[in-house]
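Annotated features, as they stand in TrEMBL:
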DOMAIN    693-754  domain 'CBS'
TRANSMEM  74-98  transmembrane segment
TRANSMEM  118-143  transmembrane segment
TRANSMEM  234-257  transmembrane segment
TRANSMEM  269-287  transmembrane segment
TRANSMEM  299-318  transmembrane segment
TRANSMEM  324-346  transmembrane segment
TRANSMEM  358-382  transmembrane segment
TRANSMEM  447-476  transmembrane segment
TRANSMEM  529-549  transmembrane segment
C-alpha cells in the first residue's frame with residue numbers, strides 16, 4: 001500500500017470507514033514505499049503541488065494588497081538572481097579545485113616519469129587516486145548517502161512530485177561539492193555536470209525554504225515561499241543553472257531543464273530560468289577572465305574554458321552525409337548497450353551496498369585501484385610518436401596539460417595515449433575535439449581509449465560518491481567518433497576533431513535521448529553554428545535507433561532506484577481500465593466536525609497524508625463530500641488545541657485562533673509528528689471543526705473515468721491525491737483516493753494479471769528481434 005493512499009481501518013472504528021463499490025473487489029496497494037536515494041534505501045513521500053484552497057488560503061489572498069503582490073514577484077526574481085550567483089561560484093570553485101588538485105598529481109607523476117622513476121610514479125599516482133576516492137566515499141557514506149551518484153534522477157523525481165529525505169539538504173549540498181571535487185580529481189571516469197545539477201537544486205531548495213527560525217531568517221517576505229509549488233519552480237531554475245555552470249551553456253541549461261528535468265512548465269518559469277542561467281554565464285565569464293590572466297594556479301586548458309574548443313570553418317558535402325548517418329546509428333546502438341550494462345552493474349552494486357558501509361567503501365577502493373592500474377599501464381602498450389614539426393605547442397609537453405605527453409618516450413617523441421589519460425577529462429575532450437590534429441593520434445590508441453572509457457565509466461558510476469555521466473559519455477563518444485573519422489580518412493572532407501564532436505553527440509543522444517538541449521549544449525561548447533545541421537542529424541538518428549532498445553539512462557536509473565515516476569504518456573492497457581478498477585480500499589475518512597480522539601487514532605494508526613471530509617446529518621440531509629484535509633493540517637490543529645466542547649461549527653472564530661502561517665509547508669526535514677503532541681483524556685473527548693481547514697475544491701473524477709485520462713490529469717496538474725466519486729448516487733459520497741502509487745504498472749498489473757500476458761504478446765509482435773537480444 002502506498003504512503004499517500006487512503007488508509008485502512010481497524011476493527012474497532014468501523015464508523016469511520018466506507019467500503020468501495022459493492023461490485024469491486026477490495027484491493028491493497030502493495031507497491032514499494034521506499035526507494036534508493038543516493039546510496040541508501042529511504043522512505044519516500046509525495047509533494048503537495050496542488051493549491052489547498054481552504055478558507056485560510058482564500059482569506060490570505062483577499063488580504064493581499066499591491067505591496068504584498070510586488071513583494072512576492074520581486075522575491076521570485078531576487079531568489080533567481082541569488083541562485084544563479086551562488087551556483088556560478090560553486091561551479092567555478094569546483095573546477096578550480098579539480099584543476100589544481102589533479103594538476104599537482106599529474107605534475108608530480110610527470111616529473112618522476114622524466115626522472116625514469118617509473119615505480120615511484122605509479123605509486124604516487126595510484127595512492128593519490130585511492131586517497132581521493134576513499135575520502136569521497138567516506139564522507140558520502142557517513143555524512144550524506146543521498147549525495148551519491150549524479151543526483152539527476154533524484155532531482156527529476158522531485159520535480160515529478162516524489163520527495164525523499166535529505167536529497168536537497170545543506171548536508172547533501174556540502175558533501176556533493178566536496179565529494180565531487182575529490183572523485184573527479186581521483187582520475188575516476190566520472191563527471192561533474194550531474195553533481196552540478198544536484199548542487200544547483202540544493203542551493204535553490206535552501207533559498208526556497210521560506211526562512212529559518214534557527215538562523216534568525218524570519219523576514220516576512222520569505223513566507224511567500226513556504227509551499228511546494230514555489231519551491232518546485234526554484235529547484236527547476238537551480239537545475240538549469242547547474243548545467244549552465246558545468247558547460248557554460250546558459251541556453252542549453254534552460255532547455256535541459258525543460259526537456260529532461262521538469263514535469264511541469266509554463267512561460268513565466270521559462271523567463272526566470274533564463275534569467276538564472278544568464279546570471280551564471282555573466283559571473284563565470286568574469287571569473288574565467290581572472291584565470292586567463294594566470295591567477296588560478298594550475299588551471300588547465302579544459303574545465304570551464306572548454307568553450308570554443310572547435311572554432312574552425314566547417315565545409316562538408318553530400319558525400320559526408322552517409323558517414324554521419326552511420327555515426328548516428330552506431331551511437332544509438334552503443335548508447336542503448338551502455339544503458340543496458342549500466343543498469344546491470346547498478347543492480348549488483350545495490351545488492352552489495354545493502355551489506356553495509358564497509359562494502360560500499362571497499363567497492364570504491366577496488367574500482368580506484370583497478371582504474372589506476374589500467375590508466376598507468378595502458379600507455380606502455382602503444383608506440384611513441386615523433387613530435388610534429390608544426391606543433392602549436394611544446395612537444396613533448398612539460399608541465400600541467402597539453403597534447404603531447406612524453407611519458408616513457410625518448411626525447412623528441414610523445415605518447416598519444418598518455419596525452420589523453422594523464423589529463424583531466426575536460427582536457428582530454430579538448431584534445432579530442434581540437435582542430436589540425438589529424439595525425440596526432442594512432443588508430444590503436446583511439447580504440448584502446450574508447451574501450452577503456454566505455455568500461456570504466458560504467459563501473460565508476462555506481463560507487464558511493466558524487467559521480468556524473470555527462471562528461472564520461474562525451475569522452476567515450478568523442479573517442480569512437482575520432483576512431484571512425486580515422487577509418488574514413490581521406491574519403492571524407494571532415495576532420496578527425498569534427499568526427500569526435502559528432503561522436504560525442506551521437507553517444508549522448510543514444511544514452512540520454514535528449515535532442516534539442518544536447519544540440520544547443522554542444523553548439524555552445526564548440527562555439528560553431530555551422531555544426532548545427534550535422535549535430536541535429538546525428539542526434540535524431542541516434543535517439544531513434546536507441547529508442548528501439550530501451551529508455552534513456554536517467555529513466556532507467558530511476559526505475560532501478562524504485563522512484564514512482566509518472567511518465568508523460570499512459571500505457572495502452574490503461575485505456576481498458578477505469579479508476580474504480582485500481583483504487584484501493586476500504587476508505588477511512590473524517591467528518592466535518594470530528595472528535596479529537598478519532599483524529600488522533602487516525603493519525604497514529606496510519607502514515608497517510610490525505611483524508612476525505614464528509615458532512616452528514618444534521619449538517620447535511622445526506623452524506624456529501626465536503627473536501628480533503630491533509631495530515632499536516634490535522635497535526636497543526638492538534639498542536640494549537642483550539643478544541644470545541646460541543647460539536648458546533650467554528651465559523652469566523654477560526655481566523656482569530658489561526659493564521660495562514662500555521663499551515664505553511666515546513667522547511668526541509670522539519671516535520672511535526674503526532675507522537676510529539678500530548679493530549680489529556682478530557683481533550684480527547686472534545687471536538688474540532690474541520691470545515692475552515694479543508695480543501696473544499698479538491699480534484700475529483702467519477703469512478704467510470706478511464707485510468708489513462710486520470711493519469712494525464714494527475715501528472716499535468718501535479719496532484720498528490722485524486723478523489724474518486726460514484727457516478728451513480730449511492731450511500732457513499734466518495735469511492736476512494738488515487739495516489740501516484742495507484743498508477744504504477746506493478747500495482748495495476750498485479751491487480752489484473754491478464755494484462756501482463758496481452759502486453760507480452762504485443763511486445764513479441766512489435767519487437768521480436770529486440771526481445772531475442774535482451
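Heads up, residue numbers simply count up from 1 along the chain you see.
Even glycines carry a Cβ here, placed using N, Cα and C.
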Chain residues in Cβ proximity to the transmembrane segment (74-98) (below 8 Å; excluding those fewer than six residues from its ends, i.e. six or more beyond): 177, 180-181, 184-185, 192, 196, 199-200, 203-204, 207-208, 221-222, 224-225, 230, 233-234, 237-238, 241-242, 244-246, 272-273, 275-280, 283-284, 287-288, 291, 296-297, 299, 303-304, 424, 426
Stretch in 234-257, 324-346, 358-382, 447-476 most in contact with the transmembrane segment (529-549), if contact is a CB pair under 8 A: 324-346
Top partner of the transmembrane segment (447-476) among 118-143, 269-287, 324-346, 358-382 - counted as Cβ pairs under 8 Å: 358-382
Spatial neighbours of the transmembrane segment (118-143) far in sequence, C-beta under 8 Å, 6+ residues away: 38-39, 101, 105, 108-109, 112, 171, 174-175, 178-180, 182-183, 185-188, 357, 360-361, 364-365, 367-369, 371-373, 375-376, 408, 463-466
